[in-house]
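Novice: Can you read through this structure? Questions will come right after.
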Amino acid sequence: MTKHLHLIPLHKNTKFLSLFHTNKSTIFTKASSFTTSTATPWNTHLRNLSKHGQYNEALIIYRQMLQSGATPNAFTFPFALKSSASLSLPITGKQLHCHVIKLGCESEPFVQTALISMYCRCKLTEFAQKVFDEMPQRNLTVCYNALISGYVQNGNFLNGFLLFSEMRLRGVLFNAVTVLGLVPGCTVPLYLWLGMSLHCLNVKCGLVNDLAIANCLLTMYVRCASMELARKLFDHIPGKGLITWNAMISGYAQNGLAGEVLGLYHEMELLQVNPDAVTFVGVLSACANLGAQKIGFEVEEKIRSTCMRWNVFLKNALINMYARCGNLAKARIIFDEMPEKSLVSWTAIIGGYGIHGLGNIAVELFDKMIETGIQPDGTVFVSVLNACSHAGLTERGLNYLDLMKREYGLKPCSEHYSCVVDLLGRAGQLEEARKLIELMEDEPDGAVWGALLGACKIHKNVELAELAFNKVVELEPTNVGYYVLLSNIYTEANNSQGILRVRLMMRERKLKKDPGYSYFECKGKTYLFVAGDRSHPQTKEIYKLLNRLEDTESEYEGANRNGQEVINHEPPNIIGVHSERLAIAFALLNTEIGADILVIKNLRICNECHSFVKRVSKIVDRLFVVRDATRFHHFRNGTCSCNDYW
């Protein structure tokens, strides 16, 4: 029988051919001892090769097995099929399927499971379903598990769930493997309710105590941005492993809950759970969002003391953290020290210079990256276009948009177009920006129209602002920022009817303006301020200092350069003082003379506060760095690094 079992030549796969020629002598040497016609020694060797990921070698051994006269059996095929699946060789897999049938092994459960898994991994779920349908007995949990997992992995969650329902109706027992195959399909909000149902079923059946299932469910809640449910599950998981902690920390980081990340990290430290690279990436991301440079520095010290100090992912996270904490010099040192820089490394440092308004350096780095032979992707083009926008490099930015299409065959997406619309808008080319939107291949989204709306505010173009606003609220009707932006445009134009109309729309849609807040890190602790805040223990001193800082510059000729001498005046009746002013006053009161001050704000800094910080930087001779929602502003001696172009 064996002589009829010939595979179509494997040399048709060029990847396999090269490996075949490379390893042929080695394989023959290893196989030379297998002179027996029995399958047992061949199967043992196949199992070892497959177990250690040597899939090419396993398939070569299978061919040698046929040539030696040995007959494959039911114990041979799972390893050969696994190797075929791992190498994504569907033709080879089909040939092996023919061998299975010719040798009468198709009724063996573990062969059936291997066939289903092979077809699913080769993205041939219809063949996997046929194998499943032709099974004489469809009551085997392992076969259901293989097909359910295959459907989910190939993006067909509904078929997987229907198969699970059939499994339950037939009375076939499910197990942890079933759940682990099915839950990943619930990681989109649309199917969260099904995931919650599975969670309930697992609780009922006692499977939720399985740590792997608990971690899988936790990941599901995180990816669906259901952080309250994720935290509730996390708190009830007994014997949490590092994977569990990392899932929760990464989830908080990905959903912008930086404060919760640092709180959880502190809890890990108290419980003496040793972090790994995944932990540190999440923590550094949180430090970047909060501007918590001291904690980020402590994390860097821990990384340096371990074998993770050369981890490229951590290096990239450190570059991003220091850049977003205002310490661009430190970010550049880390970047320059890297022996091998990935595309992500270049993207991080280019983006860092971009948000600091140093567009000229950002484009120099981008051009240098191209010279090193690194192929740019869409993400790095977003960074360099954004850098051009903040620095007013209009022609350079337009050239990059053309370059990404012409030289690299990259299709610009919404992020690229919103950067270029912003670029043109800031340069006063509003009509060109509008025409660019009209020429977009895909339908422009809210970010694109929002960029045009922001440009209209800079140049006080009410008519075009109304057009952009009407478009953007169709796409993002609950985004409060756009309503506020149009209201501000009407305010500057003294259009009271327009202001009233926007307020009425917000009231009808039950929308409220996001509260402005700013924070300042002092001695490792973060202090948060909201607009008009009077809850801080130093409120009296803060408002006294603000009262003096609001006066004319001439009154400060004899004042202490740190602002300490002026806090004896009575506090003014200031209502709704913007949060960055409160943070700056607090910083002046609690830092040494001459120390730089970094304040982070969640919203875009307004014109009045921008002018205020410029005046204060001249009065007290300090460097003030304010990171708002879009960029960094470096204030010194009465000027800002943005040149009033933001």
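Cβ coordinates come from backbone N, Cα and C, glycine included.
Per TrEMBL, the features are:
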- 565-646: domain 'DYW' (DOMAIN)
- 38-72: repeat 'PPR' (REPEAT)
- 140-174: repeat 'PPR' (REPEAT)
- 241-275: repeat 'PPR' (REPEAT)
- 311-341: repeat 'PPR' (REPEAT)
- 342-376: repeat 'PPR' (REPEAT)
- 172-194: transmembrane segment (TRANSMEM)
Novice: Do any residues of this chain, six or more beyond the ends of the transmembrane segment (172-194), have a C-beta under 8 angstroms from a C-beta of it, and if so which?
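Specialist: Hits for the transmembrane segment (172-194): 139-142, 144-145, 148-149, 151-153, 157, 160-161, 164, 202, 207, 210, 212-213, 216-217, 219-221, 223-226.
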Novice: Mind tallying the domain 'DYW' (565-646) by DSSP state, helix then strand then coil?
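Specialist: Helix (H, G, I), strand (E, B), coil: 28 helix, 16 strand, 38 coil.
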Novice: Check the repeat 'PPR' (38-72) for me and report the mean pLDDT.
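Specialist: That region's mean pLDDT is 90.
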